[in-house]
Ligand SMILES: [Zn+2]
Ligand SMILES: [Zn+2]
């Protein structure tokens, strides 16, 4: 049985962390960080994760190491859950067939019906996460937006004090902290110690010098040389266990709850907490319909005292249990960093039959038992142990994965007793070092390495590994687009050679022979049959020159034509004339992620940066990997500039593809704006706090985050796990406008309500004005849209008249068209092709034409389309749409019985797999089909967003000129990928017995698209952004 470890990622802009895959034939393990981008790197390299049973997280529990975890678990849960569903279906059908046969043979009454019994026996897979303190807490903060069934997730938080106590009490048997059929694991939690720091403390990461408000214990810890993990006044063991079990319950319910979507509970109307979807059962027919009578009072409102509701029995949906938990137990950042020593089990020696015979053991099962390691009885009644009949065994091969975020951790690591233990260290042939910048040059560490020169040392660190392009396909696509249209695209920033990545943290390898060899992606360490470092699997970085050379002459010719057209004096004058009335022509729109549901090879998940010169930068949605995309798009000093300018982040809704990158972006902003300075902060000025809202706004150094209340709650909650800069945010929960009723948006900043219109009472208008001015805008309006609970679309107006509207994910919305009236630019989702209007309706997204229809209804000058399905398309062809009839088929009749839940705890819940539509909240475009004609006279220009596209508002009009080149660019690729895909599909089919129906349907749709492409060249140009079946399954669920 072969086993090896492989480097999936080394630190790059795309993949911030180091992830290793430990491979056994039947089972896989991930070790290292699951940083943002890890999942996408696996998609890129075609590495399937369905066999992963355990993840061993190294380092500290912080977003840099856990940022990709939630996204990855969601995907795994979808894939594994779907597989389980399939198995259950098979088992059920088999049981039914058997039942039929038996009944046929024995007569109906003789055979009892028990088809559910075998179903219950189907094993539900479990994913176990091993890591340090706060890991359960980190996951539990996601309870408002994570809910899956079919795969259990368990968290095993290492408790160092317990295992240390064991070791100190003389129990030196060195029991592993984890063991299964393949491996033994010893976890080591290393605490930081200041003794490791030289006189120069400037390379301590700034975050470790700054204390979080109300957690002086962390600062105090750092004042002492004692490495303590838990300060005085920390909870007792019992308290900790109570807290842990509460958190564990939350996490287990997020993934493996018995709760059912369709469960309705009967309640008295007066007991129903509003807002909620209420149903009523007809006593005669038993049919369920929506309740439309007088409503119970909204919590907190005075209600209509004169008109009390009839207290009848109604049906309401029960919120899923996790969402009911409003607050998690308190915690503070955990400073312990985890490392592991991992070993294969020893191999038993060869069975020697002559010895067994001599000892009087009968041939047969007893011999087999001995080879399996069991003792048996000889003929004379004496016990024979395996050691007596087996040849010399072989120690299992092992390796260590050591994660040292900074030099503070070096002493703690090298002082560990484990290194001296023969039991643990025999067979360990490799140490993988995951090092923070500058750690590699630590003298103590070098001494340790020299002492351990008999093992291989492989280092993964930005000091030793270059910033190569980890997402080859996306990078290659961007290079091709750059060749086509250099005004809109650039070659992604990268360097395949230069180390260290950051100047000044030189690992000093120039003059001395390095004790380390650098990690590379694909590099393997074989453990069995023999321990060996294998470089033949290393995947070389993308050859950008080859990509460049591969450009088709025809495509380049078409692109040159477009370019020449735009250079033509006449065209220039024409364009200038057409755009006379467009404000903010120098505003730049930068597409960082334009795909839906989960990162694919071609497109990352949602994020768009809008740079308004002289005012600031604004980020609209912030999916996983957004910071990485910024670092590919801009050179380091430009990234600093963008972060410095960053004024506000808008999060449209709580689906994972829209917000999981926000913690990293805020952390980078915080580092840039608040402690990027060279001087050391003293204890006194480390916390700048002001409780006067106006004063805070005048500081001009704040970042505004605008979203639904649930998002703000997440930001607040996660701040107790990690100091990522929450204290310096202005978190704003936005209250939606109701344009039909003349109600405009308001915001809550903590308890303070801000209003933006003189007509609105009940809040602070003065603060509202100050806020808008601090944000650099003149108005912000948001409306609820039909997608999922808490989904909002937004319109932002700038003082120069430039108006930007962003849909987020939604069905076409009349309310959005109203607040977006006169938009300069509309950025609208267009997840589905027009042919898939049914899917768009079912999954609460928009089609291309629907998005354009919203633009027409707004009178938008320019429309950019984004959020494309990752399943089958690359770009929708605009030419085909031109002149056609655009239809808006809006929400239509709401099927009450199928209405997804709105919870009693309404503001606290948002679920990715449940689309919520509340007719009271949402104004659909029309209830009847409306036809809007995009006539030739409208001056609305349309562009399609690609990842890494940067376009000035005044140049969106240029985009359409490149369409012929784009069409040609994607044509040949399609054919080639088609055949590759067909091959992999065949392989997939061989492995899987039964594919889920969903997938079959998707294939059907794809088939239709292909036909359409072949027939008419209309509709969509290129298909197959589809990488792995799991994307498809995920896409169907969370987009
Ligand atoms: Zn989305
Ligand atoms: Zn969504």
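Each Cβ is built from the backbone N, Cα and C atoms, and glycine gets one as well.
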Correct range for region 'Disordered' (source TrEMBL, candidates 180-201, 202-223, 224-245): 224-245
Stretch carrying region 'Disordered' according to TrEMBL (options 136-155, 156-175, 256-275): 156-175
Residue distribution over DSSP helix, strand and coil in the domain 'Metallo-beta-lactamase' (604-685): 35 helix, 19 strand, 28 coil
The compositional bias 'Basic and acidic residues' (236-245) - residue tally per DSSP class, helix then strand then coil: 9 helix, 0 strand, 1 coil
Secondary structure content, the domain 'tRNase Z endonuclease' (6-68) (per DSSP, counts of residues): 12 helix, 21 strand, 30 coil
